[in-house]
Amino acid sequence: MEEAGPSITVTSVTNILSFGIGILTPTPAISIFCLYTCVGVAIDFIYQLTFFVAALVYEEMRITSPEKPPIDAEIRKKTIVSAQHSVRSVYPADPDGIVAKYCRILKMWQTRLGLLAILIVYWVASVYGCLKMEIRMDTTNLVMRDSPLHNIAFVYENFLWKEGQLVLVFVNDPPDLSVEDNQRRMLGLVGDFEELPYSMGKNSTSFWLRSFLYQSSLYQSKDGFYPLLDSWLKDAENGGARWSDMIRLKRSADRRVVGVEKFMFATASAMGEEASWNTRAKLQQNWRETAKRNYQYNVTIFQTYSFYIDQLDSIGGNTLSTVIVAAITMDLACFLMIPSASSIISSSIAMLSINVGVFGLLSLWDVNLDPISMCTTLMSIGFSVDFTAHISYHYYRNPVSWTTDERLADALRSIGWPMIQAGCSTIFCISSLLFIDSYMVHVFIKTIYLVIGLGLLHGIVFLPALLLTIGRSSKSDSKVSAVPDKFMKTMEIAEMNNTRQDETKKLVLNVSLESFTKWG
């Protein structure tokens, strides 16, 4: 637990914080996904530190209990392990091994300069992809491709919505329509909607006032505007009875019509080959701006898929704000675990580089920004910490008396190979999902591939090079001051080992003499 405990804590806490921030997003699907993931990670963290550790200890006791090793072997085993651990904390292990040589190669200025050039190209491509990413939503991506709903969504996306769609406009506080100027204002309001881009014009509009003004001249009545309107709406044969559902009349106590309380009208738009959710978002924005200009009449609009478009409009801002807050939270969490300026700066730069790369390369990989990709990018923020914080933590915990390449080599020996194993096993396990023909699954797989691939590159190559660049090099006098305390501890353990071995030898000698005397 001394080795794995901090790593498990860093991973779990940062993942919980990352998905905890995602719970605050206004999109229900994303919020629920983050809530379930956050709770699952928290339960797994508690399980690892309690039940799982206890089960391992019990299993170790069960395996070793039937066969007790000799006293001398048991003492020697425990003492050697303790001594090795203490010596390891004083001197770096295997200075001529492949990992140490790899770190010395990374420390060369030629290597770091080449890696910087590669990083610049990578950053340029990633930023270009981020700027190129389009906020887009396609209903066909929300269902399996072999589902019957997929065909229906395809027909809507590619045919029906291109033909046109209605918008309902509600005038909740109309003026006195018996006044001709107010009638012209209402006709002008309808005309504003009919003149918007993609509008199908007057022929697509259903507005009761136009029909009433046209037909009112046929009625020989001197009762006034509102009584005539009441009679016209009741005339099912020649009048406007079909408009009665689009207007609400205001009546007096004696049931006489004295005004119009509110009314509605409908007009259509056709997008043609430009039909898309982005075009619908522009249309809705134009409708709302037109309604806002006529605020004195309390105009509101309704369109069947407005709630989809509202989610689409919020995705960009929500994603950006969530990513920024999550990144800051990850840095603070790492700072609590790794109180070292160089380690925090390097891990923060690496996390930012990984996340920018994931977003940008997803865009270049034909993935648009939608609720599905937003969920996966939130997930990638938590994953990126795993490839940076562990290396930085193990680098930080090594003695400052070591050189930077010695500290880094020891960190890579501790966490590098497990990191590679975890990344490769994850990629291998999720590759089976490639056989599922679903946009949602494919976006998930692409995100995992990118975050693991970029995470391994940063954790094994780029982050070590950065630590070697900004890390503090040890001085010769620091080694002198750092060794004595730990060296004395090692000597005490060795002395205790010798004492126990002497006692064991005496015990064995006495037993042998007694046996010799008895059988002799």
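Each Cβ is built from the backbone N, Cα and C atoms, and glycine gets one as well.
These come from TrEMBL:
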type     : residues : note
DOMAIN   : 1-58     : domain 'SSD'
TRANSMEM : 32-58    : transmembrane segment
TRANSMEM : 113-131  : transmembrane segment
TRANSMEM : 319-338  : transmembrane segment
TRANSMEM : 344-365  : transmembrane segment
TRANSMEM : 377-395  : transmembrane segment
TRANSMEM : 415-436  : transmembrane segment
TRANSMEM : 448-470  : transmembrane segment
Margin query: Please tell me whether the transmembrane segment (448-470) and the transmembrane segment (377-395) touch - that is, whether there are at least 3 C-beta pairs under 8 Å between them, with each pair 6 or more apart in sequence.
Written below: yes
Next item on the list: Check the domain 'SSD' (1-58) for me and report the mean pLDDT.
Entry: 79
Next item on the list: List the helix, strand and coil residue totals of the domain 'SSD' (1-58) as derived from DSSP.
Entry: 50 helix, 0 strand, 8 coil
